[in-house]
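Engineer: The structure that follows is given in the form of structure tokens.
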């Protein structure tokens, strides 16, 4: 059934609250509102026999409905949790095609425990492998360090696992009813007041909710709108547009022969019951290459990071490209190892982002909050 222009749900029509015929006429939310409805406590007079006001005794005057922007892994997990709590929600996804980049992701023990609480740990483990060890290599081929994670289950109930991001998203999305995810919904703006928040999309549709959660990734639209709304309250760090870390991510084609970073121990990696992640650290330049084997897909997920030192100009856009590996001040051993991954990957499976090592100070305001990668610079 097609949704109307103002999607409140059946129960919302009977609620008595201010009506707004135009989204532009809603009074912006203010932290300094002097409206009596914003008062959280009431001081009783000395002669009053009434019980003092307490937030937990407040009656619910309108149904709860959470708008989630982005059907990312973070957004889907939030939706599942709300569904278990019987709280209404709606996901607005910008993409018209279902899917995310095919890279692998590593879930730590605490994330696996969360999946167990949701009843999903068995199906996730059936499509993943446990992470038992991480090897850190120098670019000249010698081992710098090695970490063993195989005993994590003894302390945290589960070992960490590695799984293809798309496989994890498929599992999570299967738990969400189809009518709770709307594709091709690119958000262009929102307005909020003390009662609600309304989101407008590029196609002209407007959606109502009691809270808006932006789970739309590192290039979050909701974060940009939030920072525009609260520009006067942004910290100096949040105002800085520069980022000092650039990352190129990719995944190899389906491999018949394994690309070996460690021939002695990784030759039979696709036949192992567990996996070892690999890290190569550049010495002359602050480069690092991370690899995550994905035995279920017979592919290797990889990530190259470059962090600019403090005495160099920061990044204002995505500057790191595959050809930058040919710079003469990057050791040839590092280039050779990285080239194997680049040469065995399809161009459409490679993308790059610029980031920083910290989260934003301004990650919520009023009825709008950021989640997942949207919080990180």
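Quick reminder: no glycine exception, Cβ is built from N, Cα and C everywhere.
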Engineer: According to TrEMBL, transmembrane segment applies to one of these ranges: 66-85, 86-105, 106-125, 126-145. Which one is it?
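Structural biologist: That would be 66-85, per the transmembrane segment entry in TrEMBL.
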Engineer: Residue list, the transmembrane segment (66-85) vs rest of chain: Cβ under 8 Å, 6 or more residues beyond ends.
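Structural biologist: Distant Cβ neighbours of the transmembrane segment (66-85) are 91-95, 100, 105, 114, 118, 165, 168-169, 172-173, 175-176, 180-181, 183, 187, 197, 199, 207, 209-217, 220-222, 371-374.
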